[in-house]
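Copied over from Swiss-Prot, here are the features:
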CROSSLNK  180  ubiquitin cross-link
DOMAIN    9-144  domain 'MPN'
MOD_RES   204  N6-acetyllysine
MOD_RES   214  N6-acetyllysine
MOD_RES   314  N6-acetyllysine
MOD_RES   315  N6-acetyllysine
REGION    281-322  region 'Disordered'
């Protein structure tokens, strides 16, 4: 198998934000289904570090995939200005918002090879439906057919990930802090993340099934590398029909259910204890309030008696004077 020029693509958050902004701006003025731009970055051995990007005017015919337009002059002028700011950032490939590969991507990639021999295509999904990375990286390779027909250009998938420098990480943390919903509890958030993860897994399994069905019906050629990788995945799956696996699963499930039951029981006892304490506190408060009222009445009665005694004394003094 031919060794690829790049084995991993690292996309920075700044690139993702720029692409989303590009898509939102174009979406307001036109009806384009996708936008196209240029990726800037640097190579570190077989790892491509994509640190910046800029948009490029692009248009295509919805009915005829062979009809498309990309502004070369704009691309060269923008790259010249970016090069003055940071000479280390070079053209390393291009992006579009997909969300899937298009038939004319090979032709566009051949054009981008004028500026970068090992041009990399990164598809950035600006509206992801499932949990996971919004990026898919590809590099063009020569595909050799088993039937002896001439080779053709095709895309080979490359591993991609999101990476950032320290300054970018701080900015992303601030953004996440602003949009994070503090009212959502930890448990519900964990369950939501698991549900999203299962939905993502389900979509991947559906893609695998669809691919295998198309290969079986002859709609797609057999790619032995993909078949071998799928076989490795299937070999890693546990045999759920084994008695030992079933027993271990039941034991673990029972242990978890016991923990849940004990937690619910403890929660009920604590709630009952709090209810009793609250009732006692209310009773003491009512008793104290009643005692204070009685003391207040008694004090007022004593004050009246003292005033009466004083008035009687004054009357007697007046009589004696007379």
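Think of each number as a place in line: the chain as shown, counted from 1.
Each Cβ is built from the backbone N, Cα and C atoms, and glycine gets one as well.
Rounded to a whole value, the Cα-Cα separation of residue 214 (N6-acetyllysine) and residue 204 (N6-acetyllysine) is 15 Å. Taking only the Cα positions, the spacing between residue 204 (N6-acetyllysine) and residue 315 (N6-acetyllysine) is 105 angstrom. Other C-beta atoms found within 10 angstroms of the C-beta of residue 204 (N6-acetyllysine) number 12, with every protein chain shown included. When Cβ atoms from all protein chains are considered, those within 10 Å of residue 214 (N6-acetyllysine) total 12, not counting its own. Just so you know, the Cβ of residue 315 (N6-acetyllysine) picks up 10 other Cβ atoms within 10 Å once every protein chain is counted.
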